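If you check Swiss-Prot, you get these features:
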type: DISULFID; residues: CYS324-CYS356; note: disulfide bond
type: DISULFID; residues: CYS385-CYS415; note: disulfide bond
type: DISULFID; residues: CYS389-CYS408; note: disulfide bond
type: DISULFID; residues: CYS454-CYS473; note: disulfide bond
type: DISULFID; residues: CYS527-CYS559; note: disulfide bond
type: DISULFID; residues: CYS600-CYS631; note: disulfide bond
type: DISULFID; residues: CYS690-CYS707; note: disulfide bond
type: DISULFID; residues: CYS816-CYS850; note: disulfide bond
type: DISULFID; residues: CYS1224-CYS1235; note: disulfide bond
type: DISULFID; residues: CYS1410-CYS1439; note: disulfide bond
type: DISULFID; residues: CYS1506-CYS1515; note: disulfide bond
type: DISULFID; residues: CYS1738-CYS1747; note: disulfide bond
type: DOMAIN; residues: 159-214; note: domain 'Kazal-like 2'
type: DOMAIN; residues: 742-788; note: domain 'Laminin EGF-like 2'
type: DOMAIN; residues: 810-866; note: domain 'Kazal-like 9'
type: DOMAIN; residues: 1263-1439; note: domain 'Laminin G-like 1'
type: DOMAIN; residues: 1440-1477; note: domain 'EGF-like 2'
type: CARBOHYD; residues: SER1726; note: O-linked glycosylation site
Amino acid sequence: MPPLPLEHRPRQEPGASMLVRYFMIPCNICLILLATSTLGFAVLLFLSNYKPGIHFTPAPPTPPDVCRGMLCGFGAVCEPSVEDPGRASCVCKKNACPATVAPVCGSDASTYSNECELQRAQCNQQRRIRLLRQGPCGSRDPCANVTCSFGSTCVPSADGQTASCLCPTTCFGAPDGTVCGSDGVDYPSECQLLSHACASQEHIFKKFNGPCDPCQGSMSDLNHICRVNPRTRHPEMLLRPENCPAQHTPICGDDGVTYENDCVMSRIGATRGLLLQKVRSGQCQTRDQCPETCQFNSVCLSRRGRPHCSCDRVTCDGSYRPVCAQDGHTYNNDCWRQQAECRQQRAIPPKHQGPCDQTPSPCHGVQCAFGAVCTVKNGKAECECQRVCSGIYDPVCGSDGVTYGSVCELESMACTLGREIQVARRGPCDPCGQCRFGSLCEVETGRCVCPSECVESAQPVCGSDGHTYASECELHVHACTHQISLYVASAGHCQTCGEKVCTFGAVCSAGQCVCPRCEHPPPGPVCGSDGVTYLSACELREAACQQQVQIEEAHAGPCEPAECGSGGSGSGEDDECEQELCRQRGGIWDEDSEDGPCVCDFSCQSVPRSPVCGSDGVTYGTECDLKKARCESQQELYVAAQGACRGPTLAPLLPVAFPHCAQTPYGCCQDNFTAAQGVGLAGCPSTCHCNPHGSYSGTCDPATGQCSCRPGVGGLRCDRCEPGFWNFRGIVTDGHSGCTPCSCDPRGAVRDDCEQMTGLCSCRPGVAGPKCGQCPDGQVLGHLGCEADPMTPVTCVEIHCEFGASCVEKAGFAQCICPTLTCPEANSTKVCGSDGVTYGNECQLKAIACRQRLDISTQSLGPCQESVTPGASPTSASMTTPRHILSKTLPFPHNSLPLSPGSTTHDWPTPLPISPHTTVSIPRSTAWPVLTVPPTAAASDVTSLATSIFSESGSANGSGDEELSGDEEASGGGSGGLEPPVGSIVVTHGPPIERASCYNSPLGCCSDGKTPSLDSEGSNCPATKAFQGVLELEGVEGQELFYTPEMADPKSELFGETARSIESTLDDLFRNSDVKKDFWSVRLRELGPGKLVRAIVDVHFDPTTAFQASDVGQALLRQIQVSRPWALAVRRPLQEHVRFLDFDWFPTFFTGAATGTTAAMATARATTVSRLPASSVTPRVYPSHTSRPVGRTTAPPTTRRPPTTATNMDRPRTPGHQQPSKSCDSQPCLHGGTCQDQDSGKGFTCSCTAGRGGSVCEKVQPPSMPAFKGHSFLAFPTLRAYHTLRLALEFRALETEGLLLYNGNARGKDFLALALLDGRVQFRFDTGSGPAVLTSLVPVEPGRWHRLELSRHWRQGTLSVDGETPVVGESPSGTDGLNLDTNLYVGGIPEEQVAMVLDRTSVGVGLKGCIRMLDINNQQLELSDWQRAAVQSSGVGECGDHPCLPNPCHGGALCQALEAGMFLCQCPPGRFGPTCADEKSPCQPNPCHGAAPCRVLSSGGAKCECPLGRSGTFCQTVLETAGSRPFLADFNGFSYLELKGLHTFERDLGEKMALEMVFLARGPSGLLLYNGQKTDGKGDFVSLALHNRHLEFCYDLGKGAAVIRSKEPIALGTWVRVFLERNGRKGALQVGDGPRVLGESPKSRKVPHTMLNLKEPLYIGGAPDFSKLARGAAVSSGFSGVIQLVSLRGHQLLTQEHVLRAVDVSPFADHPCTQALGNPCLNGGSCVPREATYECLCPGGFSGLHCEKGLVEKSVGDLETLAFDGRTYIEYLNAVIESELTNEIPAPETLDSRALFSEKALQSNHFELSLRTEATQGLVLWIGKAAERADYMALAIVDGHLQLSYDLGSQPVVLRSTVKVNTNRWLRIRAHREHREGSLQVGNEAPVTGSSPLGATQLDTDGALWLGGLQKLPVGQALPKAYGTGFVGCLRDVVVGHRQLHLLEDAVTKPELRPCPTP
């Protein structure tokens, strides 16, 4: 309401008195005066403080961390520049390595004095140098000249200097696999063979892999004869000749023998390994037989009608049963001896069984002392110490006062030292007494020593003495050396508080150290190292601070007294334990006490007051009060100090909480307790992985990852002892403070390090003792070793030092000291020693030579080459000749080669480096051209020099390394940029002395991967057998692959990186595969476009290999399946994208990477030697990485090798003594390029202007456009868009969704994004109050360039695409400014931000396409030079021409662009083909036979998906899997069958399951069966799989998997029957007749989890995707073998109607039922497989094993055809022909000549009979017992159908026929039971089979068989009514147990019988 006008306002307010108004006037005046005075005072104050020219400035911002995000490799660390704080560089650590002489060999073929020097060289050279082995390079294998026999094997010593022949002490962990010994005995493994040979001292060696006689165990097969193939040694099951059909059609064979028929002849020939041929039909005649008797085992052979005796027919099998003959020769079996008799035409009688060469062992009669074992070394007996012990720590104290880890280690040391050492007592010795403050006991001297070496770690700590130490290790070393008590007071540098340092967690407050209090500690008691239980970890730290003592957290939970419960014995003696504790703590145990059994009766009132400080930080009035408190609390409590407790607090305790890790700069680690040391959880235990025993804590240096190691402990993770230290185990077992110093005597030891388990040092010859300080009697240890002169020199005049040592007078004695290892930086280059070994530098060479007492001098600077002649003590000639030659031939620097005498002058181009504009601070050698040198006397020396120019000993293992950025740069080809010309190097074609890996040789390796090539043609390379493979790859080593045109160039950097990764991965896979024994190398030949990337590789094998291309492909597929999934990603299905072909033999060599194209090779071969060729592929060194090396400034590298034939660069060279002019003097850079000299004239680089490129800027480079692949991005500096932004962008997209641009705020809501969503551009931004969303109306067309423009001003924004009317939008009101602080990401975002960006923009993928222009605020971003402009990039490529422009698709079809310039047309309905040009579908009409489904491929073709039973391209081949032949499924490891789920076959499968499977395995592992609940591997499942030949039955009911594993491994190549049973949570597994293995799934307290819920299909033999199977099944590969039977409660599942899908499954043709020779069952019988054998189901009218017997029809009215009227019950004895008793039931006496044995416990039953009836019910046959619920077997008619039912004691089985029998016609019935399996066949129907549940296999009966019914059924049998009804009808031709039953004569009870009437 507006105020009233002044004139209308009333003069007085109603209700206001005059008195009030009177007093209001002066108050208002007072208020006005007060305000006026206050304002004046403020003005005066401002004027008095104001000074012109002075103003406040904000504090300067904290300078950014220039090292953040900068990665340094190979041990270098980032350091900011002192001169320019805004710049940083990677530098190597300056600290010196320890002076420890422990030579090691690096992968660069150089010897370093210790591992630290190797790592230092690796950092300085910025290249990967791996530790190949301990000991110097070039040292010979100590086992090379040692021959071990009689079971022993050669084992080199730890220092690699000597070797011993040792017998295997245990075979645990050795590879299993039966081997055949030379004595003809099978052994479970080769290790056990050697162990037996050692024990018996017999000369036994491995003869073959596998058993000596593979046919052993197959002799009992009545249907087959086993023969061992002599070539493959595989058993072959051949049919017996006696089983041939009884056809009398005699034929005459070419051996002069008449055979019954052709079947008999062929089978007899096959069993003898012969191909007998038919000469004529009928009997053999006289002219077909040899005229004379063949002697000496020769066999008659008829060829061209001329019979003669021949030895060619004496063929022997491959079984090994050695026979020693009289001629002293051992034959593999007696047949080979007979063959030798035939060929030599003389008698060679056998001498004895077994081999002949059973020479007695030289060890017979040899007695070894000190526990040594006699072994045979080089044919002589030697006593060797078996140094291998189990490693179980059970310390004992020896009689020498030394503690040994076990009795075995004591005996081993006694043997090694050659002295008698007895076990003095159990437990460790204590020769030093108590070593305090972290010192360790030195047993030899009995004194305590301090480990002094610490690994540098940037983790300073503050000690309790107030000093800062570089690391916790340095603190403990200081405490040990000064023998003082010192603890870590706090992490970081010491901070003073007043005049003192706050320790043990105290904080500084107001100049005083105050212990923080725990206000609200998290619950959870912890046990402190003082034995006190604290309520929380916070209270533990508070107590440590108050008491000023070190208290660590021992473990979570309360402290359990060691006296009670710690042993976990569970003996129930808690009362006794509590009584003991009560007494120990001053109490009295009284069980009758009302206050508790432990009575604390202390009277402390009369004790004089004397305050004491308790260990809990509480002050007690007297010590008595403390003891009373200890008794009442039952806690450890003791007097910490006399007097009142004094904490560090000089003020009352403040409620200061310990700072939580969340308040630290980098937040918390994953444990939510430890503070992170840097971004990305740097320094956290989860990323450091520090060894808990070797490190002080789980944290590490965030920059280097170095953990804080204990003294003497080294490694990044503190997991090993440093060189010169040993006994890491002592830290764990004995609580040592660190590793123990080796303390090797430098006078007697060769090295300063020692064996890690024993501490033994490597001694010089003649020196003994564990520390190499002992000499034989009468000698003393001097500077030359053990010396006879007892006089000790006093002055250096009396001593002569050798091997580079210098004399030093010290402590009154003179001694020789070897030189130090440290060299000045100027002399830190590699040198070649006179022994042919490369050393890290000259100082290391001298130190190693001195310690090893070898005369080694420096041969030359730089690494040794192949032509250096080795020699430890070179002669003067060998030393002077090369130098003399070099002085004449090298008038200018060593990196260029002069003309040799007599050669002509040539023009040489200026060498160019690979990467232009590169300044390197690390020394590099540049490769210069090499001239052809005539083969003069100096040829070898010139060759050596030429080789050194082109090679600088690259890493031998470089191709497989993850950090390869420096390997090839340091090699000649990499740094110089030129490759040696073909034919320019003259090399003597002798066998080179291999000093390093051939990868360091100038011409690389041959195809065998180990022979260095001597020339460009590979003339010295051995032949290989090559297989060419084609692989479709999706990724390698975790990196996704996308094809770009640069991959086609073998010289490109991208090709080199990709080839390295692929070759390294394939090499690892093949070396662990089934073909590894013959594998040599793999080389990438070509990369090309495919579905993703197509790689063509050549895999080289031993030329004698028996492997075929299919073997190579299968082996690689198996390895890909079982290897880690990111190693090599191949397109699915694997078998379609991994193909191998035979490629013939290759004598050609391949170098370290690949060979390049054929054209390039041809060019190289045709090039003359006078000029360096433009393209040479021979040395194929991979290009370097694009990552920036240490200490260099790198311009963008070119992707192609610069040409070397430009004429403007050629200039003559003449020999002379002057230095060559600088490379840039001739101004070689064109078009304004800037030339820069490299390394003092060794080369130059051109820095080209924009738009120019090439080695001399001669090429015009089109503007580069970045291409994005959906997971790529470019990062630029943050947008300046607080209030205004204008942006324009041009892009081309291949997909309708993707992120174009994004910039956000890391801590707030603000962001700006530009994205494609549903085919339209969307602009989003959020200023903090909510997002604004602007969507364009113009659809984005894939493949077309679009331009968008947007603007934003405060909260308003506009968007326009392709000139459309701008779309306007506004963000919600609230905040207006846009605060951005992250990088501007273009084309995508980093992976860690995907979730956040997806939530804000609804787009989680990047752009697939190109961006060619980006304008921000009228300033265009240089995308053409994005490599330099972007601050970060990932996966960005070059944008090329679009494959879909113009549109190649017909009919307006949409073109979808693919990688590598390919496209895919999405054809509309009615169009087909790759370009939609065909209007007719290739599937119309359907070309697939058998109505198989047809699928149209994207390439335009058709693919037929063949069902089970058909194969071929169009399913035109019908496989004989149905009908008369049974189907046995053959799996190859990648095939599988998909069936209906198990739950569809059995209703109550969830409760219980009984399954049986019969299979034959070829491979040791694979999936046999799997059925799950869900497709993602979660939920319930059941599986059966092979794991290393062990069967594993697994199932999960919801709480966890039950794993039931067979006890014994199964045999490969044999049929195996397995039974599975599950009832609730309990399961059982039984293999064959073996024992049952029981198991149970986990139990749940809340839910029973007893039901198996299955919903998915059943997979047999494999699965389509193993990653989607349950993890509990633990399967990753398919089954290789044959599956014969999968039976679920007797129901066969392997039938066509149950199979839903079959992939690569073929029928097995090597079973008697499926073989090509035909059905073994005659007269139309059905063959039923029974594992390796079979059974014939005969049709009506036939019987016998092969249905060969016809039944004789009885005459009408004969009593053999009986009639039954429903009351006729006839009893017979259960008669069989052969006894099949499994228990000891005696057979009854024979009744008469025709009576048979009566059986009561039967393993099998067989019945055949013919019946005729019209009845629908009735019991036909019964056998069983009369007891309640006893076993039985019955044939009955139920509802007109015949049933066979039997019960073996577990559960009845009912088999029902599908044929009606109540037809009044004669039908033949056949019923059979074998163990638990049964079958029923009526007439000609297919047999109905079934199986009883897992359990009993025999039928227990009373010995009687009833026909026609029973008077009364047994009680308790739940049988249908039909079983209680008698049979009405006729029976005849009854067969019991394959024998005819005489119905009248064999009857025991004979009621009135009558014949069956005629129908």
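Easy rule for this one: first residue shown is 1, then count along the chain.
Keep in mind that glycine also has a Cβ here, set from the backbone N, Cα and C atoms.
Feature map: Swiss-Prot annotations on the structure.
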| residue | record | contacts (Cβ under 8 Å, 6+ apart) |
| --- | --- | --- |
| CYS324 | disulfide bond | THR330, TYR331, PRO350, LYS351, HIS352, GLN353, GLY354, PRO355, CYS356 |
| CYS473 | disulfide bond | CYS454, VAL455, SER457, TYR696, SER708, CYS709, ARG710, PRO711, GLY738 |
| CYS631 | disulfide bond | CYS582, ARG585, GLY586, GLY587, CYS598, CYS600, PHE602 |
| CYS707 | disulfide bond | SER457, CYS688, CYS690, ASN691, GLY694, SER695, SER697, GLY698, THR699, CYS700, ASP701, LEU716, ARG717, CYS718 |
| CYS1439 | disulfide bond | SER1264, MET1265, PRO1266, ALA1267, ARG1292, CYS1410, ARG1412 |
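The disulfide-bonded residues shown are CYS527, CYS816, CYS1235, CYS1747; of these, the one with its CA atom nearest the CA of SER1726 (O-linked glycosylation site) is CYS1747. Using CA atoms as reference points, the disulfide-bonded residues CYS408, CYS559, CYS850 were checked against CYS1224 (disulfide bond), and the closest is CYS850. The two recorded residues, CYS1235 (disulfide bond) and CYS816 (disulfide bond), have Cα atoms 55 Å apart. The Cβ of CYS389 (disulfide bond) lies under 8 Å from the Cβ of GLY405, SER406, CYS408, GLU409, SER412, each of these being in the same chain and 6 or more residues away along the sequence. Among the disulfide-bonded residues CYS385, CYS415, CYS527, CYS850, the residue whose Cα lies closest in space to that of CYS1738 (disulfide bond) is CYS385. A straight line from the CA of CYS1747 (disulfide bond) to the CA of CYS1515 (disulfide bond) spans 35 Å.
Within the same chain, residues at least 6 positions away in sequence whose Cβ sits under 8 Å from that of CYS385 (disulfide bond) are SER164, PHE370, GLY371, ALA372, VAL373, SER412, CYS415, THR416. Looking only at the disulfide-bonded residues CYS527, CYS559, CYS1515, the one with its C-alpha closest to CYS850 (disulfide bond) is CYS527.
With CYS816 (disulfide bond) as the anchor, the candidate disulfide-bonded residues are CYS527, CYS559, CYS1515, and the one with the nearest CA is CYS527. DSSP assigns CYS707 (disulfide bond) to a strand. For CYS559 (disulfide bond), the same-chain residues lying six or more positions away in sequence with a CB closer than 8 A to its CB are CYS527, GLY528, GLY531, VAL532, THR533, GLU636. In this structure, CYS816 (disulfide bond) is part of a beta strand by DSSP. CYS1738 (disulfide bond) carries neither a helix nor a strand DSSP state and counts as coil. Put plainly, the disulfide-bonded residues CYS408, CYS415, CYS454, CYS527, CYS1515 were compared by Cβ crowding within 10 Å, and the winner is CYS454. Counting every protein chain shown, the Cβ of CYS816 (disulfide bond) has 22 other Cβ atoms within 10 Å.
Secondary structure at CYS415 (disulfide bond), as computed by DSSP, is helix. Every protein chain considered, the tally of other Cβ atoms within 10 Å of the Cβ of CYS1738 (disulfide bond) stands at 25. When pLDDT is averaged over the domain 'EGF-like 2' (1440-1477), the result is 68. Within 10 Å of the C-beta atom of CYS1235 (disulfide bond) sit 18 other C-beta atoms, taking all shown protein chains into account.
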